[in-house]
Amino acid sequence: DFLCISLVNGFTQLRYNLGDKTVILQTLQKVHANGHTWHSLKAGRVGNEGYLDLDGINITQKASPGMNTLDAHTDFFVGGVSSLNLVNSMAIENEPTGFTGCIREIVINNRELKLTATDPKGGANVGDCDGTVCGYAVCKNSGTCQVENSGFFCSCPQEWTGTTCEQSIYCSQNMCGSQALCIPQPSTFSYTCVCALGWSGKYCDSKIKFYIAKFVGNSYIKYTDPYYGKRDLQYSRISVNFTTNQTEGLIVWMGKSEDEDNDFLAIGIANGTLKVVINLGERISVPLMHSKYFTCCDKRWHFVTVVQNQTCIKVYLDEELILFEDIDPQRKYTALNYGGICYFGGFEIGRKVNVVTTGLFQKEFIGKIKDVVLFQDSKKIQLMKAEGYNVYDGNSE
């Protein structure tokens, strides 16, 4: 399998092979080879349907029956490769040759790569592109960069300040405690403090303890399972108590959620009813819905347990077995490789639930969670000892 973007006779080409056939897309227009015109290129695939967009002009290859997962287990190369024999003969039209030119702002699956001297795993014969300390995106938030003596100077828009325009003026005099994030509120010329786990108050300066976690909508807990390396991932299990008065919300996401290929097991509320979604591989998300009776809006505590025995899934609600399904009788994937990560209530600040879950769940959780048990552990996990923000003591209103 491969996915390759290249220049061929002045045109941009995308080629990929998911295991059965090579798909080739080529732009309609040539790139300007004058050495001072920047081009914006977007390329990729959804399943086996590919797209290639150069400066806003899109070419799309409609999906045909066939394989739809890219199994590429090499490093990710930009501008060239460490050894030319790594390049599949079908991945490029002519003999492979390294790229000469400038590249900036590479975003893979919504994550920007840092094109610095230290962040990549390796490389050779790469230099600075514009030859100044300004370079690309030194000044944040639409600031403009000027070379000054041996350094640089950022001119910032009126709402931003700092050496690189990284700080909102509304947060420049903030009183948030050290265990807090300052979130600017431009509409009120003010700010709010978002408290780390174990802190509360307007300025996050009051220490708290909790055994019941209260989520208010822009809250999350990220728990790292210390026993992940010893787990038998073909037989996973999670149970949780929750209460809510909302009809939508993500309660638990077991999985790394870094990109779309990560396995996961998710529990939440959708349309007022319990929804469990499982992906054991190839992004085949199997949603299991229970609509016998509503489980939201009643403010009662509900106890949910999800048991995965290879591809057989059991869901218990208030100790009653409500769902029992074999999600893949072929047994192609049988393990939940969740990376030892569990999210509760939502994801990191700035990451929207409907985006990260690709619409499987619509909103962050508003309500309370307690008594979380992983696998057959004898102890509940200590939510207080995880990472997170904006979570309060569910015992005190």
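A Cβ is built for glycine as well, from the same backbone N, Cα and C atoms used for every other residue.
TrEMBL does not curate its annotations; it predicts them automatically.
The cysteine that TrEMBL pairs with Cys102 in a disulfide, picked from Cys129, Cys134, is Cys129. Of the listed residues Cys156, Cys193, Cys195, Cys193 is the one TrEMBL pairs with Cys176, by disulfide bond. Reviewing Cys182, Cys204, the cysteine that TrEMBL connects to Cys195 via a disulfide bond turns out to be Cys204. Annotation in TrEMBL places Cys165 in a disulphide bond whose other cysteine, of Cys156, Cys182, is Cys156. Inclusion criterion for the disulfide-bonded residues Cys102, Cys129, Cys156, Cys165, Cys204: a C-alpha placed within 10 angstroms of the C-alpha of Cys193 (disulfide bond); this criterion is met by Cys204. Residue pair Cys204 (disulfide bond) / Cys129 (disulfide bond) shows a Cα separation of 43 Å. Using a 10 Å Cβ-Cβ cutoff, Cys102 (disulfide bond) registers 14 neighbours. Rounded to the nearest whole angstrom, the C-alpha distance between Cys102 (disulfide bond) and Cys195 (disulfide bond) is 42.
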